[in-house]
Amino acid sequence: MEQNLNSEQKPQSSAKPRGKSSRSTILAQTVKTGIIKSNLIPMWAGLTLGMYKNKMTFIDNIPEMIFSTVGSALVIGAAGAFNNVYDRDIDAIMPRTQSRPTVTGEMSAKSTLSLAIVMLIIGLAVLALASPLAAAFGLLGVFLYVVPYTMWTKRRTIYNTEIGSISGAVPPLIGWSAVSTDITHPAIARFIFVMVIWQMPHFYAIAIRKRVDYEAASVPMLPVVKGMRRTYYQTNFYLILLILSSFLFGSLSVGIMLVALLLSIAWLVMSIYGYHSNKDQVKWATKMFVFSLFHMTILFTTVIVYSLVGVIFKLY
């Protein structure tokens with residue numbers, strides 16, 4: 001990491017020159033606002049679920065909702081910025097990441113690192129206003145994403161996806177711990193398990209779509225090292241596991257369980273049918289990726305709505 005930070009020379013890139021980006025665009029690319037938004041959904045699911053299961057009121061927890069949202073956005077953005085600093089050498093090789101400010105030179109590594117540190121400190125302070133435990137999980141999430149995933153496993157093993165899925169499951173814990181210290185409650189434990197499983201076929205789809213990029217950058221993603229067939233079988237394994245894990249929601253709500261079950265079955269059917277009927281593997285993977293986002297958004301939004309209705313109308 002030290003070698004990466006001290007080298008301020010712009011990595012060689014085959015990207016075509018482009019016009020100067022606005023400051024807002026540069027900032028958005030640096031902190032990865034798309035990832036921030038997508039991670040706030042499960043954070044809110046964990047938050048509202050925690051309020052519901054612990055029989056809390058909406059009004060009394062407005063400060064915690066604000067602090068956990070702002071704090072989570074900041075620490076997730078910090079993690080993205082740290083990742084941009086460390087990965088800028090391979091980002092310069094892959095077309096999908098060549099426009100990142102740390103590659104184009106619009107943001108230096110030192111400036112990006114400084115931004116990440118400031119965002120992390122402020123984000124943790126804001127999360128601490130919700131609860132010290134939420135801040136602790138925020139720090140844990142950043143650590144897991146930056147060190148075990150980005151620095152240790154991403155460039156070394158095909159199991160980088162499994163390691164990355166652990167950090168990806170932290171946002172619901174941040175939300176839950178903002179309002180409750182009972183982190184062993186079955187509701188959040190089951191939610192975290194589903195979150196970990198969901199990430200596997202999601203990131204396998206990304207790896208297939210960008211297989212050429214990862215291969216060029218020598219990133220050992222599963223389809224690069226083991227090929228498409230192994231990735232397809234492993235994707236289906238996790239989708240079957242996701243179907244089975246849908247029943248974990250049964251004790252919370254039959255409705256949520258059915259939503260999770262139907263979405264997961266549809267995803268598996270799409271995987272099997274799409275793989276065998278479509279010779280274009282990238283096109284198949286793109287559909288799988290899009291559906292994974294649909295799956296997450298619908299399922300977690302259902303959890304949020306169910307929990308909020310229960311909290312507002314006190315349906316404990």
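Any Cβ shown, glycine's included, is placed from N, Cα and C.
The compositional bias 'Polar residues' feature in Swiss-Prot is assigned to 1-15.
Per Swiss-Prot, region 'Disordered' is recorded for 1-24.
Swiss-Prot lists 62-82 (among others) with the feature transmembrane segment, giving sequence analysis as the kind of evidence.
The annotation transmembrane segment is assigned in Swiss-Prot to 117-137 (among others).
The transmembrane segment annotation in Swiss-Prot covers 163-183 (among others). Residues 39-40, 42-51, 53-54, 56, 61, 64-65, 67-68, 71-72, 76, 79, 127, 130-131, 133-134, 136-138, 140-141, 144-145, 148-149, 152-154, 191-192, 195-196, 199-200, 203 of the same chain lie 6+ residues outside the transmembrane segment (163-183) yet bring a C-beta within less than 8 angstroms of a C-beta in it.
Among the features that Swiss-Prot reports, transmembrane segment is placed at 188-208 (among others), with the record citing sequence analysis.
Taken from Swiss-Prot, the feature transmembrane segment applies to 231-251 (among others). Sequence-remote contacts of a segment are chain residues at least 6 beyond its ends whose Cβ falls under 8 Å from one of its Cβ atoms, and for the transmembrane segment (231-251) they are 186-187, 190, 193-194, 197-198, 200-201, 204-205, 207-208, 222-223, 257, 260-261, 264-265, 267-268, 271-272, 275, 288.
The transmembrane segment annotation in Swiss-Prot covers 252-272 (among others) and rests on sequence analysis.
Among the features that Swiss-Prot reports, transmembrane segment is placed at 293-313 (among others).
Under 8 Å from some Cβ of the transmembrane segment (252-272) lie the Cβ atoms of residues 49, 187, 190, 194, 201, 232, 235-236, 239-240, 242-243, 245-246, 287-288, 291-292, 294-295, 298-299, 302-303, 306, all in the same chain and six or more residues away from its ends.
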